[in-house]
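Asker: For reference, TrEMBL lists these features for the protein:
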- 1-283: domain 'Plant heme peroxidase family profile' (DOMAIN)
- Arg17: site 'Transition state stabilizer' (SITE)
- His21: active site, proton acceptor (ACT_SITE)
- Asp22, Val25, Gly27, Asp29, Ser31, Glu43: Ca(2+) 1 binding site (BINDING)
- Cys23-Cys28: disulfide bond (DISULFID)
- Cys76-Cys279: disulfide bond (DISULFID)
- Pro118: substrate binding site (BINDING)
- His148: heme b binding site (BINDING)
- Thr149, Asp201, Thr204, Asp209: Ca(2+) 2 binding site (BINDING)
- Cys155-Cys187: disulfide bond (DISULFID)
Amino acid sequence: MECAVLSDPRNAAKIVRLHFHDCFVQGCDGSVLLDDTITLQGEKSATPNVDSLKGFEIIDSIKNKVESDCPGVVSCADILAIAARDSTVLVGGPDWEMYLGRKDSKTASYELANSNLPVPSEGILPIITKFLYQGLSVTDMVALSGSHTIGVARCQNYRARIYGDYTVTADQSTASESYLNDLRASCPAAGGDDDTVAPMDNVTPNLFDNSYYQILLRGEGLLNSDQEMYSSFLGVQTKQLVLQYAHDPLAFFHQFAQSMVAMGNITNAVDGGEVRRNCRFVNT
C-alpha cells in the first residue's frame, strides 16, 4: 500500500471505498472483488460500482505476494480490510486494530449492490436507513462519510448538485463562485464529460483531515448526499455531528476509527466462505 499511495495518493481513497462497498453487500466477504463468470454475476457492474470502483489490481498484487508466502491462509476480505486501514494511515488518517479471520464469499449479489449502497443523489433519510440496515448508527454514517476528505467524484454524480441547489447552500463569496465556475466548466449541464472527476475535498484532497466537514459548513459539498448532512432540515443529529467534526479533528479521527471497526465487523451470515487463491474468482 505504501508503494501504491506513493505512486498516486488517490489510490488510498480507492481502497477505502472498495472496503466500504464490499461490507455493505453480504458483509465484509470480498464479494465486490469477484469478476463476472458464466455461472456468477458479480457486483462490479451494479449501478453504484460501474465505472466508479477502482483499485482491484492493487488488491490482486497484494494477494499474489501474500499467497506466495503463506498460501491459502489470508482471505481477500482480510487483505482489503487491512489495506483500507493502512491506506488511511498513509495519507495522514487514524490507525485502528481489527479482528481478522474473515472468509471470502463464494457468491456475489448484483441485486444487493444496487439496493444496499448509498448513491450521491439520495436524500439523508434513505442513506440513514441503509446504514441502520447494516447495524451502523447515524454517528457511524457521518464519521464514515468523512472518508470523502480523500478521493474524487465523477461529473455524472455531481452535475445535478452544481446546477441545482449549490448556489442555495454555498456562501456567496468570490472564492465559492470561482470554485463553482471551475466545476461547471469541466462538467457541462447538457451532458458529456461524465467521467471528468473533481476532489470531494478541494482544499486538501490528498490528506486525510477534517476539512471535508469545514467545506460542508460553507455549503460547498460536492455531492448532494454529503451536503444534506448539514443543510437538510431533516438532519438535526447529522448537522451537530458535522459541526463537531469540523471543529474537533481528534473527535473525528477517534470516531472514524471506531466506525471503521464496526463496519469491518459486518459479516456474511449465509455463505460459509473460503480463502480464495485468486480474489477475482472462487476456488475450483
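Residue numbers in this text run from 1 along the chain shown.
Cβ coordinates are placed from backbone N, Cα and C, and glycine is handled just like the others.
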Asker: A 10 Å Cβ contact count, applied to the binding-site residues Asp22, Asp29, Glu43, Asp209: which residue has the minimum?
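Answerer: So among Asp22, Asp29, Glu43, Asp209, the binding-site residues given, the one with the fewest Cβ atoms within 10 Å is Asp209.
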Asker: Hey, how far is Cys187 (disulfide bond) from the residue listed as 'heme b binding site', Cα to Cα, in Å?
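Answerer: So the alpha carbons of Cys187 (disulfide bond) and the residue listed as 'heme b binding site' sit roughly 20 Å from each other.
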Asker: For the Ca(2+) 2 site (Thr149, Asp201, Thr204, Asp209), what does the 8 A shell look like? I mean other same-chain residues with CB within 8 A of the CB centroid.
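Answerer: My list of surrounding residues reads Ile150, Val203, Pro205, Leu207, Phe208, Asn210, Ser211, Tyr212.
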Asker: Across all chains shown, how many C-beta atoms besides its own are within 10 angstroms of the C-beta of the residue listed as 'heme b binding site'?
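Answerer: Looking across every protein chain shown, the total is 24.
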Asker: Once the chains shown are all counted, how many other Cβ atoms turn up within 10 Å of the Cβ of Ser31 (Ca(2+) 1 binding site)?
Answerer: 28
Asker: Just checking, which of Gly27, Pro118 (binding-site residues) has the fewest C-beta atoms within 10 Å of its C-beta?
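Answerer: Pro118, out of the binding-site residues Gly27, Pro118, has the fewest neighbouring Cβ atoms within 10 Å.
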Asker: So which other residues, same chain and not among Asp22, Val25, Gly27, Asp29, Ser31, Glu43, have a Cβ within 8 Å of the centroid of the Cβ atoms at the Ca(2+) 1 site?
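Answerer: Same chain, not in Asp22, Val25, Gly27, Asp29, Ser31, Glu43, Cβ within 8 Å: His21, Cys23, Phe24, Gln26, Cys28, Gly30, Val32, Ser105, Ala108, Ser109, Leu112, Asn268.
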Asker: Other Cβ atoms within 10 Å is the metric here; tell me which of the recorded positions Val25, Cys76 scores highest.
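Answerer: It comes out as Cys76.
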Asker: Within 10 Å of the Cβ of Asp201 (Ca(2+) 2 binding site), how many other Cβ atoms can be counted across all chains shown?
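Answerer: I count 25 other Cβ atoms within 10 Å of it.
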Asker: Ranked by the number of other Cβ atoms within 10 Å of their own Cβ, which of the binding-site residues Thr149, Thr204 ranks first?
Answerer: Thr149
Asker: How many whole Å apart are the CA atoms of Arg17 (site 'Transition state stabilizer') and Ser31 (Ca(2+) 1 binding site)?
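Answerer: Rounded to the nearest whole number, the Cα-Cα distance is 14 Å.
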Asker: Using the alpha carbons only, what distance in Å do you get between Glu43 (Ca(2+) 1 binding site) and the residue listed as 'active site, proton acceptor' once rounded?
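Answerer: Each residue's Cα considered, Glu43 (Ca(2+) 1 binding site) and the residue listed as 'active site, proton acceptor' end up 9 Å apart.
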